[in-house]
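Participant: Straight from Swiss-Prot, here's the annotation block:
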type     : residues : note
TOPO_DOM : 1-4      : topological domain 'Nuclear'
TRANSMEM : 5-32     : transmembrane segment
TOPO_DOM : 33-63    : topological domain 'Perinuclear space'
TRANSMEM : 64-85    : transmembrane segment
TOPO_DOM : 86-102   : topological domain 'Nuclear'
TRANSMEM : 103-119  : transmembrane segment
TOPO_DOM : 120-138  : topological domain 'Perinuclear space'
TRANSMEM : 139-169  : transmembrane segment
TOPO_DOM : 170-196  : topological domain 'Nuclear'
TRANSMEM : 197-215  : transmembrane segment
TOPO_DOM : 216-221  : topological domain 'Perinuclear space'
TRANSMEM : 222-239  : transmembrane segment
TOPO_DOM : 240-275  : topological domain 'Nuclear'
């Protein structure tokens, strides 16, 4: 049995802390971007906006301007962290400094930047909403529809993360392979898979965009969040024909894999009948 060194223990604890922190941050983000806004409509709390105030007056309000400035600054900080650490020269420096923990460091700092964004986010309540569903019976039904759609989108996002090897995305697999002396797990994948992973940084674009834009009430701060993240996701999308062909090939293989046991069991039953 291989002995566990202090270094191995440190790597495992660091990766585990990162996993827990990212998981908690993900749950907080779901509540921040989705269910808190929908629950606000269902609970009948104070309105998110002041529709009686004209836009010309609201945009000159110092409180609105300060809140918008803070929110834009938070979004810029998050995007800089998320993009700068994914830049190839910076990735090489992180790899040389942190080694096998470089992916965990990236995920940890991303979660930290997201926590800062959510904690210091300033709702803009002194400006009108872009839209607000407040007429009966849609004031009840539309938030429920949004809740169901959001729930389905988050379920799809979780399933996609499972398909895309989430232990590797969070840096856990790298540490596990390092402790066993197996090397980098990404190098064990095919070149086409490595190419896809390098291009598909955000495999949940459609679902996340649906969550960002589908709400019963759409205040100004939500517009900032939705527009900024939409532009960021579009700019980060770099799939080409080869990647799409590889995805179609993998989907075809998965469908064949699921159909093979069924066909095999049917053939076995037929053979048993013949015997």
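Every residue, even glycine, has its Cβ placed from backbone N, Cα and C.
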Participant: What residues in the same chain, six or more past the boundaries of the topological domain 'Perinuclear space' (216-221), come closer than 8 Å to it by Cβ-Cβ distance?
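Facilitator: Tertiary neighbours of the topological domain 'Perinuclear space' (216-221) are 37-38, 40-41, 47-49, 58, 64, 67-68, 71, 121-125, 127, 129-133, 139, 142-143, 146.
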Participant: Looking only at residues six or more beyond either end of the transmembrane segment (5-32), which have a C-beta under 8 A from one in the stretch?
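Facilitator: For the transmembrane segment (5-32), the sequence-distant neighbours (Cβ-Cβ under 8 Å, at least 6 residues beyond its ends) are 100-101, 104-105, 107-108, 110-112, 114-115, 118, 121, 154, 170-172, 174-175, 178-179.
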Participant: By Cβ distance under 8 Å, which residues at least 6 away from the ends of the topological domain 'Nuclear' (86-102) in the same chain are close to it?
Facilitator: 11, 14-15, 171, 174-175, 178, 201
